[in-house]
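Student: The structure is given below, and queries will be raised subsequently.
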Amino acid sequence: MTTLMVQGTTSDAGKSTLVTALCRWLTRQGVKVVPFKPQNMALNSAVTADGGEIGRAQAVQAQACFLAPHTDMNPVLLKPNSDTGAQVIIHGRAVTTMNAVAYHGYKEIAMQAVLESHRRLSESYPVIMVEGAGSPAEINLRANDIANMGFAEAVDCPVLLIADINRGGVFAHLVGTLELLSPSEQARVKGFIINRFRGDIALLQPGLDWLEARTGKPVVGVLPYVMDLHLEAEDGLDQRQTDKVEQVLNVVVPVLPRISNHTDFDPLRLHPQVNLQFIGPGQPIPPADLIILPGSKSVRSDLNYLRANGWETAIDRHLRYGGKLMGICGGLQMLGEHLHDPLGLEGAAGSSAGLGLLAMSTVLETEKQLRNVRGRLTLEDAEVSGYEIHAGVTTGAALEQAAVQLDDGRCDGAQSADGQILGTYLHGLFESPAACSALLRWAGLENVQSVDYHALRERDIERLADLVEKHLDGTLLRELCGLEAT
């Protein structure tokens, strides 16, 4: 068994994307490879077949390996619920909420979970492709590190260091990161990868030669800037749009301070007939055909944010003029009459008034609901699949008019009697082509084009593997993976 780790000089350097690319590149060669991220901090997550929760990036990487997501692929997941605290998820299950200081003391326990998962994967897969987190050179986070070099040292694996040249200062990033590592950690770095380059590679070559001479380490390759690559963002909100046709549906989403699983909106962002706008604090709220309240890791706090930024008034006006309103997960809970958090799971214990648009109330409970589901939208009997990640239990008369009839016999969500408002606990429902088309028609779009989001994701994964094949040193990569040269 061989473990190869990808670390980055910064956040968003391209670690997740490179691991996805390497996983598919190796899989195409018949190599049995599995993705792994020791510790992930993100509000975008996925549900595994065994009812656990992992980072969404690892679910995409699993797809690149043609594997079902498993909790061992991301044994530690941190989901921030305040500026200083986060829910700690170990092996797919929420175990506690901690502030940063408390978690620092918890890292030894977390490392045990990380090494346990790595050991289990090593028993079934000859190659483990690991993604680091942030930068390995964060001096204040070096003690008891489990996400980067601390893990690499523990399992004795080689490391590739990737940097984003599009940000500028790529050579300073690479050399500076290397020099901030200990001698043993520096020895683990077996090469550099430069990401998102655009221009004439000949103009970059003198810099590459200098880098290799300065560090004694090879440049494994230079990956080009790809304009229209659309894989789910691990954490940051992706607001890029595809080209639109003349007839579009205007969809508006508030950017909540604790927005979660905003990858729900990627299929809409890529749809040629949808103009998707994310509205941040202080921005004017534009007219829309459809307003969607997204998921939230701190629903009561984010509901206060909506009120403070004029959204409650804007929603009332929107509905008065015939617009459609949708809530997903935390957004569904906001649509009801009351939100109760008696245990203080998402902040201070207490209750808040909801928007009062659907006759229902929610109580937050300790046990989180985690499951992948299939069913049919009651709108058009359209097939839908998605996943539930929520701690709330919602009850009330509004649920009698469900939004989704699930295959397991349960009903999900609610619709208003006038058909203007719809809420659901299901994340990922826009990824189902039939359900997406049905919801867009409900919101007022005529002659809806069907878009297969899963096919688009698969196409992009294949494109990534092609880039590895063309631009990186395959012989060195195979050697680092413990494989013979082809």
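Each Cβ is built from the backbone N, Cα and C atoms, and glycine gets one as well.
For reference, Swiss-Prot lists these features for the protein:
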type	residues	note
ACT_SITE	CYS329	active site, nucleophile
ACT_SITE	HIS427	active site
DOMAIN	248-435	domain 'GATase cobBQ-type'
Student: How many Å separate the Cα atoms of the residue listed as 'active site, nucleophile' and HIS427 (active site)?
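Tutor: The separation of the Cα atoms works out to 7 Å.
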Student: Cβ distance under 8 Å to HIS427 (active site), same chain, sequence separation 6 or more: which residues?
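Tutor: Looking at Cβ-Cβ distances below 8 Å from HIS427 (active site), excluding near sequence neighbours, one finds ASN261, ASP264, GLY295, ILE328, CYS329, GLY386, TYR387, GLU388, ILE389.
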Student: Within the domain 'GATase cobBQ-type' (248-435) only, compute the mean pLDDT.
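Tutor: On average, pLDDT over the domain 'GATase cobBQ-type' (248-435) sits at 97.
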Student: Determine the Cβ neighbour count for the residue listed as 'active site, nucleophile': the number of other Cβ atoms within 10 Å of its Cβ.
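Tutor: I count 25 other Cβ atoms within 10 Å of it.
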